[in-house]
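So that you can see what the record holds, here are the features copied from TrEMBL:
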- 3-118: domain 'Toprim' (DOMAIN)
- 134-569: domain 'Topo IA-type catalytic' (DOMAIN)
- 170-175: region 'Interaction with DNA' (REGION)
- His33: site 'Interaction with DNA' (SITE)
- Arg144: site 'Interaction with DNA' (SITE)
- Arg145: site 'Interaction with DNA' (SITE)
- Asp148: site 'Interaction with DNA' (SITE)
- Tyr153: site 'Interaction with DNA' (SITE)
- Arg308: site 'Interaction with DNA' (SITE)
- Arg501: site 'Interaction with DNA' (SITE)
Amino acid sequence: MAKNLLIVESPSKAKTISKYLGPDFIVEASVGHVKDLPKNPKDKSKLGIDLEDDYKPRYVVIRGKKEIIEKLKSLAGKVSKVYIATDPDREGEAIAWHIKTEIERINPNIYRVLFTEITRTGIEQGMRKPRSIDMNLVDAQQARRVLDRIVGYRISPFLKKVVNEKISLSAGRVQSVALRLICEREEEIRNFKPEEYWTIEAEFKTGSGEILKAKLFKIDGKEPKIPDKETAEKILKELKQKTFTISNIQKKEVLKNPAPPFITSTLQQEANNKLKFSAKKTMLLAQQLYEGVDIGEEGRVGLITYMRTDSTRISDEAVNAVREFIFNNYGKEYLPQVPRVYKKSKVSQDAHEAIRPTSMKYEPRAVKKYLSDDLFALYELIWNRFVACQMTSAVLDQTVVDIVADNYLFRATGSVVKFNGFMQIYQEASVDEKESNEREYKIPINIKVGEILKLTNLVPEQHFTKPPSRYTEATLVKELESRGIGRPSTYATIISTILERGYVELQERRLVPTDLGFAVNKILVANFPDIFDYKFTARMEEDLDEIASGKKTYVKVVDSFFRPFEEHLQNLQERKDEIRELIQEETNIICEKCGSRMVVKVDKYGKYLVCSNEECSYTMAFPADGELEKVRICPECGGRLILRRGRFGKFYGCENYPSCKYTESITTGIKCPECLEGELVERKTKRKRTFYGCSNYPKCNFILWDKPIEKPCPECGYPLIVKPNRKTSSGYKCPRCSAKIEALPDDVKA
């Protein structure tokens, strides 16, 4: 019988490790956590935390784990020593502690060991440094779990009562802050007002006949402000009369340095940008590479170091190995005189190395046939970034040419790679697609200061300022990291949670809040401004870090959060109905079943209408065009106007009918092109065919059979165009001259 038992959390990790430890060890897996707080989805009041006894968590054995625990107990009783080698982070420490509490009565000789890489070297190093369970790390993980449970179980019932009692809603301490970021970015985009501006590019011919292009850079020593076409044309007219002279040529070498090796957040960002992987997928693949992959005769090998890290530190052995690899494969000119050392961030725990290959002998091309396409792509990305981080800088020859014409200054900047350095193997992906303000030009060789150039062309170009881009998973991770919200182990879970809850959806790899997400965010930010505040959430992360380092205690941190939170929540509970009414969007649509007014509700599928009478269950779809007119007042009696259906379609009528017979047609807001007094309104014939007529009927008989669009015809200038109703018709047309228009400008709604 073996003398030792080693416990890890993953069966695949156990399989890899067992090949290195030999017959003296039994290697078993706990298959993740064995204990957790109780799950009572039907009773959110049961926190699983003793609020009267220092917030002690009341853990229960996870369903299906009783048999695993019994097996571990049985094995522990048959060996002299037990080693627990769960992941080297707070989560792993908590799993190790839970396992220890179950088996220490059977065998008290329990040791904690850490493997930052699943290789022979990594395992031998870990086994040489056994220690006891670090309760500071355990308490930090417990504090995160308990705080998340308090927020989720206390706020979720309140949220459900206020937003929609028919669906399951939940809030998360950190996830809801990420949702806030996404919602606020969407509001910025919706409220953005594009501003027109123009740029001017000139084309010159040099004395040797070569072409030189440059951009207008300064007017009277200031950045040019060209707001419209008229201003641009005025400048063009002046420029055509000018003489252009090269006033300055500046040449310099520019060094471009490699990026640091990957940490968790930068790996998630780069994998999203380059490989289109979600944060969740990236971490699942990285976990496989860390735990071990079968590579033929050598068997299972861990190909990368531990993938949850915030440190760019590299061990001396790894630095020496990669420098030798660079020298042998690229030459001495690609090897810096001294190794590169990267600064750590202010919040870095520096507990583990950067993410890197475990050995330089496992080149991507050598192991490719053993890996799936996705595993290979991620491994190659990690490999290339690691090798590049220890290579020489790239050297660029940059030339800047200034061309003057009185008060006008044109500038051309061009760069050529003199020595590619690390760029031989790796270049960072662009985080976003925003246009660069610095356009690169090809600079002729035979030019000199004082040379007069011949102006051959001027190219004005219209632009519009752009709103901020929606977050991708990559840019959201970067934003969370920069604000100190979350930690490496939490980013993937944060994003996957808000997606799974239906608060956010992916559109062309961009994170877009749903109607439900907006509603939930509105309630949380308005009623819990402190808890879902960016700075408050970042401070909580710092508190958790200080528990891990022993500077603060679990009880103090949880208590300082819970007491004010619970008091605030109790005050809100008394105002639930009032808060629901404040956010409830009332409409002027009447329930066809009971005559009550319809109100707007949201669920994971979007907005819909529900009767405001709680005893009536009637619902109806939200208008397909997404437009819903707010409640309006009758100008004759002060009653509310409601949407009614008549023989000829929908119209607004007073709710006090028949005592008040005031009605209004549904107007498009487009002025009648015939009489110029009325507006076009939607109507229906006796056979239910839709048409648009003048609100001044019968005084004005103008009608259209197609939907009007308030956009002048580009051919004849008629004040509107139409969208043909026929399915076979595409684009738009003019009802007067029949000109076809293929598409509308972005600022015009169809």
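FYI, residue positions are counted from 1 along the chain as it appears here.
Heads up, the Cβ atoms here are built off N, Cα and C, so glycines get one too.
Note that the structure is a prediction, hence the values are computed from the model and not measured.
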Residues of the parent chain within Cβ reach of the region 'Interaction with DNA' (170-175), under 8 Å, 6 or more residues beyond its termini: 147-148, 151-152, 155-156, 159, 485-486, 490, 494, 497-498, 501, 520, 524, 531, 537, 540
Arg501 (site 'Interaction with DNA') versus Tyr153 (site 'Interaction with DNA') - Cα distance in angstrom: 15
Rounded to the nearest Å - Cα separation of Arg144 (site 'Interaction with DNA') and Arg501 (site 'Interaction with DNA'): 21
For Arg145 (site 'Interaction with DNA'), the one of His33, Arg308, Arg501 that lies nearest, given that the recorded sites are compared by Cα: His33
Helix, strand or coil at His33 (site 'Interaction with DNA') [DSSP, three-state]: coil
Candidate with sparsest Cβ neighbourhood (10 Å radius) among His33, Arg308, Arg501, the listed recorded sites: His33
Fewest other Cβ within 10 angstroms of its own Cβ, chosen from the recorded sites Arg144, Arg145: Arg145
List of residues, in chain order, with Cβ under 8 A from that of Asp148 (site 'Interaction with DNA') and at least 6 apart: Gly172, Arg173, Val174
Length of the line joining the Cα atoms of His33 (site 'Interaction with DNA') and Arg308 (site 'Interaction with DNA'), in Å: 17
Number of helical, extended and coil residues in the domain 'Toprim' (3-118), per DSSP: 36 helix, 26 strand, 54 coil
Length of the line joining the Cα atoms of Arg501 (site 'Interaction with DNA') and Arg308 (site 'Interaction with DNA'), in Å: 25
DSSP-assigned states of the region 'Interaction with DNA' (170-175) in counts, ordered helix, strand, coil: 1 helix, 0 strand, 5 coil
